[in-house]
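Straight from TrEMBL, the features:
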- 93, 94, 95, 102, 107, 108, 109, 161, 222, 231, 240, 241: ATP binding site (BINDING)
- 107, 109: Mg(2+) 1 binding site (BINDING)
- 107, 109, 161: Mg(2+) 2 binding site (BINDING)
- 1-10: compositional bias 'Polar residues' (COMPBIAS)
- 623-635: compositional bias 'Polar residues' (COMPBIAS)
- 14-208: domain 'Poly(A) polymerase nucleotidyltransferase' (DOMAIN)
- 213-357: domain 'Poly(A) polymerase central' (DOMAIN)
- 360-420: domain 'Poly(A) polymerase RNA-binding' (DOMAIN)
- 424-498: domain 'Poly(A) polymerase RNA-binding' (DOMAIN)
- 1-26: region 'Disordered' (REGION)
- 616-635: region 'Disordered' (REGION)
- 229-248: transmembrane segment (TRANSMEM)
């Protein structure tokens, strides 16, 4: 094959005949065995005992669903002849259905298929309540506003993500085949999206030439993606189905190759892929149902997708609509690293364990935003973090649209708050975003305004929570801007242990020296009657150097950073002057929350390496006593 074929498949949307039909060599078999040995310590291979337990749980859940559907039929006074055979069925999809389930930690994606008398509202109300009353069910929460609405829970220790679809049929039989397009007839778009998971998974399995090689390669790629922090659809990276489709495409191009070769070709092809050219496993198909499908020639919105990977089952959709310019840049950088590492491995200069070395995220960037979500009770916290997490990609998009930010990289893993945060705010989760700023090109300092991007994000979350009626007292979002050296105030001990310095690409080298500033958004600051610090995520009194307030003056300013022009030498913190004005506010107009009436405005200055902080506490007019001064919070 030619280098052009290897680097960038040609033809209709990248669809070509196989690039290589060569049979694997003895060396390929040896490399594949070494790859398997390198993956074993990470628990990517499920044992028989766990497999049996998951099968048992799914059987119980299937019976549970059938029981609920039958009870619902009786409550709606359906004829006994229908009630006795309404049926209902659980289908699996995703990793479990693909046969690449991992040991211990993976959840199961499942689909509840119901007959026509069951409404979506029934699923999120009566079924949710029925689950709540089961002893085996823990950590139950519903995310009804998601692109694919879902109920998440643990059933006898197994994490389940359950979506819902009702068919235009009076009964659902055990031998129902969802691959038939006719099952989509007369369904609403949310049911079609729910069915798509199962239909896509089955189609992927049908389209790969060798299931054993596909599964082993996918296990390796998923392990690599998780270790390198690029496995998360909700955060704007790729989810399981997208990684599966990329691997399936490589299997189509190299149908006889073993997993060790396929992993290397995976990085070769996609490190050089001409994005946004889409990845497809088969040509787009038409159907008598005339449902909307991904097609940039017809749909203008599809032209804005930056990394399209198209599902093979009708109606074909882009599985990566959450990907942003920043998250794509991060993934392409990781593809390039993967190619370099696997080339070394196949030449005998390294081993497979190097591919799975974790990303040292907290040493990669100089500037970070710490996003904190907290609530007073565990139940409220589960609902709150589910919503906040689903909207973090909105914040990433807002930040990367700032002309002075080149990368906004979110770490998909969340971290629990420390003991001090727990005492102050209840249940706490934190996410971290690494920032890369453009170098100032002019000879004068440049103001970078972050107010709108951050405030727009928090307004979006609060409005969504209010619309879903889940906004409760004590639910807060805080955004803290810090430099790398301040991260240890927020992270668990040991997380920041420095590893051997890794190669950092150009996208993370354009940072400029900025000082640490704090911005709290939401009901996040002092209660003036209690004389305590502003909900500081601290396990050390030295964090007061960042956030301790001196309540004195009232100022309302926009959040901005000052970037300094290029210089021949790096300006040290003690030689530069940087200013940041920080403003916080509660939920936007229209959001109601009991007890939510405190707004804090503060201004922080760093001059010649020293910091001065001042702020004022402003009470809501409805709750302020006559002797207290107040002023309205400004946008």
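Every residue, even glycine, has its Cβ placed from backbone N, Cα and C.
Curation does not apply to TrEMBL; its annotations are automatic.
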Let's check the environment of residue 95 (ATP binding site): how many other CB atoms sit within 10 Å of its CB? 22
Give the distance between the Cα atoms of residue 107 (ATP binding site) and residue 161 (Mg(2+) 2 binding site), rounded to the nearest whole Å. 7
Across all chains shown, how many C-beta atoms besides its own are within 10 angstroms of the C-beta of residue 109 (ATP binding site)? 26
Max Cα-Cα distance in Å among 93, 94, 95, 102, 107, 108, 109, 161, 222, 231, 240, 241, the residues listed as binding ATP? 19
Counts by DSSP class (helix H/G/I, strand E/B, coil) across the domain 'Poly(A) polymerase central' (213-357): 72 helix, 6 strand, 67 coil
Cβ neighbours of residue 240 (ATP binding site) where a neighbour is any other Cβ within 10 Å: 22
With residue 161 (Mg(2+) 2 binding site) as the reference Cα, tell me which of the binding-site residues 109, 222, 240 is the closest one. 109
Row residue 222 (ATP binding site), column other C-beta within 10 angstroms, all chains, value 22
